[in-house]
Amino acid sequence: MDATTSRTPTIQYHNIPDQSGTAIAAASVPTFPRQVRHCFGDSSPGEFPLAANPSIVLHVLTACNLDPRDLAKLEATCSFFRRPANFTPDYELSISELAALDMCQKRAIFKPMTDEECQNLKRKCGGSWKLALRFLLAGEACCRREKSQAIAGPGHSIAVTSTGVVYSFGSNTSGQLGHGTMEEEWRPQQIRSLQGIRIIQAAAGAGRTMLVSDAGRVYAFGKDSFGEAEFGVQGTKLVATPQLIESLKDIFVVQTAIGNFFTAVLSREGRVYTFSWGKDRKLGHQTEPNDVEPQPLLGALEDVPVVQIAAGYCYLLCLACQPSGMSVYSVGCGLGGKLGHGSRTDEKHPRLIEQFRLLNLQPMVVAAGAWHAAVVARDGRVCTWGWGRYGCLGHGNEECESVPKVVEALSKVKAVHVATGDYTTFVLSEDGDVYSFGCGESASLGHNTAAEGQGNRHANVLSPELVKSLKQVKEKVVQISLTNSIHWNAHTFALTESGKLYAFGAGDKGQLGVELMNNQTERVNPERVDIDLK
């Protein structure tokens, strides 16, 4: 935005009254000659130099990628940043609002939006481009959209490079690897049919995989029904190559999450849709278990933008971005207190978890394990709740917690991310350290560094412990992913800043991307996977 092309009238300099100087003169304090210093061109001492060329200020604010909160603070402390800047595309917008709009326009998801869609997003976020920017940035941070990622699914694994190329490996009984066959793969293999399509997010469930492209399209393969045979779901169809989900073609999707009985997708505008598991209005709408038509999640979130969704075994968590701050809503099965409302009753419609307000905590990342959940706050605190079996809540016991509770053992750790599985939790700190606790089955916690076949590597951990084996890779870890299914032994991925992927835990189906020898079924120590995700 250049001032020379915005039909901006001649800019008038505005003096800022020097009240402190007046007070000194009133007190008859002797004055001394001072050096005359020009701040900008012909401006005089005492004049605000920023007003001489607002376009430079705008460029600096945009180039520095200031946090939306910092832009708001500029407006709150100085009138220059909150008065109309007289720039296109909206002469009434302030410098801070224009900087936020410029930064929104840099986001990959925002770029293809029409003017009407942009304005609708701004309205839904609270009527400010600063709030819209906060919404976009929060979504990118939660799900690693547009970045490399690895997904430790139930028996199979998905890896996405920073350029959107997809690799898969592991169990393939339902075609969930997407290679057109039903054969297991012990080494990462690129899904060739996706060439030319950039994938930005992936999700893996029991026997199924879903991928989201940068164009908002969703591809799925594997089983096309939900639930296990004992729940009465019959006639499963198997799809061995990625297929476009036609029912979502009119929805620009940015994230998908797979539960055991349902799938949820999140649109770029922050709207949540679900497939299946709507019987008896469990998810706010009346459908059959094998329904493949997306249904909008009704209730409290109908006009509240959501930045992240997380699916557990039979429930869904939604991280919402409101003008008053970030909040978490839950819906579904309440067994074990995993919905966080202080009870174990089911919720048919999304309900706000009030406990975060009582804890004065701003949720920034949410994770839904099979039976327990976790949140990372802006200040780095970690909260867990739900079924506490095997110590997966990190509170030093196996008690259930029906409302979010701060993990005191991590009080000296500033967390930035959390991952949950079947009674297992991993926490990633700001400096790249990894802590884990919960069920030690399959050696998926990464604590025992003894030689293969030695020591009690399956011991449960009731309080957070540093994963020392990951310190040996001598790189900062930026993502942790672990299996979130009660029907499969767990494995874990650790992705480093340079794009290296390490795996440990169960590997009997090739899901580690490393071929095991001598009848081994798991890896105790992290081992490098032969794939570069950078």
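Residue 1 is the first one shown; counting continues down the chain.
Backbone N, Cα and C atoms are what each Cβ position is placed from, and that goes for glycine too.
Per TrEMBL, domain 'RCC1-like' is recorded for 148-482.
Annotated repeat 'RCC1' per TrEMBL: 164-215 (among others), in sequence order. DSSP states for the repeat 'RCC1' (164-215), grouped as helix (H, G, I), strand (E, B) and coil, give 3 helix, 24 strand, 25 coil.
Annotated repeat 'RCC1' per TrEMBL: 216-269 (among others), in sequence order.
Annotation source TrEMBL lists repeat 'RCC1' at 270-322 (among others).
Each residue of the repeat 'RCC1' (326-379) gets a DSSP state, and the totals for helix, strand and coil are 7 helix, 25 strand, 22 coil. The feature repeat 'RCC1' is assigned by TrEMBL to 326-379 (among others).
According to TrEMBL, the repeat 'RCC1' annotation covers 380-431 (among others).
Averaged over the repeat 'RCC1' (432-498), the predicted model reaches a pLDDT of 86. Per TrEMBL, the feature repeat 'RCC1' maps to 432-498 (among others).
For 499-534 (among others), the entry in TrEMBL reads repeat 'RCC1'.
Packing against the repeat 'RCC1' (499-534) from elsewhere in the chain are residues 148-150, 152-153, 155-157, 159-162, 167, 169-171, 184-188, 442-444, 446, 448-450, 452, 457, 469-470, 472-473, 475, 482-483, 488-493: each is 6 or more residues past its ends and has a CB under 8 Å from a CB in it. For the repeat 'RCC1' (380-431), residue counts in helix, strand and coil come to 6 helix, 23 strand, 23 coil, using DSSP.
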